[in-house]
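S.K.: The structure's right below; bear with me while I get my questions together.
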Amino acid sequence: MAKYKVTVHTHNIATATTMNNVFIKLVGEKGESKRTWLTSLTGGFYQGTASREFDVVCPFSLGTLVLIELDKQPLPLFPQDAWFPSKVVVTTPEGDTCQFPIYRWIMDKEVHLFREGTAKRLCDETNHLARYSREKEMKKRTEQYCWDTYKEGFPGSMKADNPLDLPSEIQFSFTKATQFLFTAATGITELKLKGYSNSKKNWKNIDEISKVFCCNRTVISDYAQEHWKEDEFFGYQYLNGCNPMLIRRCSELPANFPVTEDMVKPSLRGSSSLLRELQSGNIFLLDYKNLNGLKANVINRKKQYMAAPLVLLYRTPDDMLVPIAIQLNQKPAKDNPIFLPTDSEYDWLLAKIFVRSADFQEHQLNVHLLRTHLLAEVFAVALLRNMPMVHPLYKLLIPHTRYSLQINLLARAFLIADEGVFTQFAASGGEGMIEILRRSVASLTYSSLCMPDDITARGLESVPNNYYRDDGLKLWDIIHRFVEEVISFYYKSDSEVREDQELQNWIKDIFDHGFLAQECTGIPQSFSTVPEVVKFVTVVIFTCSGQHSAVNSGQYDYGGWMPNTPISLKQPPPTTKGESTESTMLETLPDVGTTAQGMSTMWLLSKQSSDFVALGQYPEEHFNEIPPCRMIQKFQTELKVFSETVNARNSGLPVPYTYMDPAVVENSVAI
């Protein structure tokens, strides 16, 4: 007789326990065991624990184990419950240990098949049972994960009407769902109780805004409140704020931005000239052309306004970055003056307010929504449709898809839907929002998603005090080395890449549905070499972790104090100089209710969940071979050392830059 030892592990997440009976069948190359009862009364399948060791006895050895069959049945008088097993570990009569990763909810009485966990590509499969199991898994997946089109010209999305339509294994955990709803309710309720969120009144003075702002504060939001009027803080935000993606070095002025030497001479330190500073690489440009000509929103029956500014920033001799010229619309004209630091206080301040409001629209829709959330969804759906659980790319990337599909579904339902917060209360909500996203998709390129390439293209290699660049490039390098080691372990040659049909299907799905089959994006349609795979997988992990953290986590830090980042503006951009006053500014800022809605939403979107999983931490053990497990340990060590470096640097900064610290970077787009 051949005796197999079986241990069942239940994952450590809320409500994962089952009181039902569990049955198992072992399937090997030489046969299969009988369906064996693993009684819950004596074995125990409790949250975060391993069961006792069960015996599965066979008349002969089954040979190499290929898969297991699991099902659970309720005890008399007990209901069918939901169970989340993490893995099954089997010790064979020969003394070998086999692991079967599961990591999904089992909520019915059906029989479920799970493969032995060693990573395998399709070309590695020789056993007909293994191929059959693989085909069955992928058939079910393609039925569960279907592409949909939210709007024409948008990247493909997951077809689902509400969170309950999503497969159970990708839904929020009980903890995540409960906390998300609680945070949303408390953030908005606190403001409603104070009578703010439905108010259509104008702000009477800046001090009045502080009364709402004091509800929720952070170290950086306090700093923003104190320094928001200062040119140095204005410039700093384009390197290290929520949107570090727009600034680029300017060596030649755009034809539609006729800044003259005389205009900026007082702002240039010493005896320098504009031409000399352009040639020296000390002039930078912000160009909001993506917003040009758009129809602004109507909020509370009042027309709103957006600008499409052009801004020159100057690197001073003491390495500060300050604005020296602002044109609020793209076409030069007499009624579109170029505002300067030498103008009156409120002329200059109001011009900066219009820029900051434009930045809110560009950041939220292009930099944040499209370039992290929507792309993360594309990567996730393509992975789930094309990669079986045993594929090495599935094992490597599945942790970086956690919660992304549900968070995007909620965003479409509650933020950008017709009655969504963004649609109702942002200047670009409605028609403008759709057009900005379409323009952003049309201009999306592969190179802009590769951080080293993007930094070089924007000429930011040497600009000082750019912590987004410094930390991002370091994080990119750490991720790239890890990915290179893992991919090279499974793909020994370029020919193995070309022969992996599941890998080729994955990238083709991303090209077709994520980048709308546009060759001009530079996104590969297929992979020919190992380095090509390494680079693209690095993009996926970096986008879903570090990049999302960089453009998401600081939303309340920099936008909580509304005058620094207005969600909308109620008056048109000024067309003449010398007429703006404090009253003009207050009449231009969003009304009380719009401000409150924006603040509470940014608070929610910046709030870290209690079941947050930091970059490089993998509670789900998908890999069981020793080499990739060691690679993960090395990855975690490098991230820890880098985190310590970031913390040491931040201790000496007036405004700490934490968004790329691995300790606070989440593995996936989960908020």
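Every residue number used here counts from 1 along the chain in the order it is shown.
For all residues, glycine too, the Cβ spot is worked out from N, Cα and C.
Curation plays no part in TrEMBL annotations; they are all automatic predictions.
Taken from TrEMBL, the feature Ca(2+) binding site applies to Asp81, Ala82. Under the heading Fe cation binding site, TrEMBL lists His368, His373, His548, Ile671. Per TrEMBL, domain 'PLAT' is recorded for 2-120. Residues annotated as domain 'Lipoxygenase' in TrEMBL: 120-671. Sequence annotations record features per position, and here TrEMBL assigns site 'Essential for stabilizing binding to COTL1' to Trp105.
Describe the structural context of each listed feature in the structure shown, including burial, neighbouring residues and relevant distances.
M.R.: Note on the domain 'PLAT' (2-120): its mean pLDDT in the predicted model is 92.
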S.K.: Kindly report the helix/strand/coil residue split of the domain 'PLAT' (2-120) according to DSSP, in that order.
M.R.: 0 helix, 57 strand, 62 coil
S.K.: Listing them in sequence order, which of the binding-site residues His368, His373, His548, Ile671 have their Cα within 10 Å of that of Trp105 (site 'Essential for stabilizing binding to COTL1')?
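M.R.: Checking Cα-Cα distances against Trp105 (site 'Essential for stabilizing binding to COTL1'), none of the binding-site residues falls within 10 Å.
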S.K.: For the recorded positions Trp105, His548, which one has its C-beta crowded by the most other C-beta atoms within 10 angstroms?
M.R.: His548
S.K.: For the recorded Fe cation site formed by His368, His373, His548, Ile671, name the remaining residues of the chain with Cβ within 8 Å of the site's Cβ center, in chain order.
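M.R.: For the Fe cation site, the extra neighbours are Leu369, Thr372, Ala376, Ile407, Val551, Asn552, Leu605, Val669.
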S.K.: Using a 10 Å radius around its CB, how many other CB atoms surround His368 (Fe cation binding site)?
M.R.: 23
S.K.: What is the total of other Cβ atoms whose distance to the Cβ of Ile671 (Fe cation binding site) is within 10 Å?
M.R.: 22
S.K.: Find the shortest Cα-Cα separation between Asp81 (Ca(2+) binding site) and the binding-site residues His368, His373, His548, Ile671, and name the residue that gives it.
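M.R.: Nearest by Cα distance to Asp81 (Ca(2+) binding site): Ile671.
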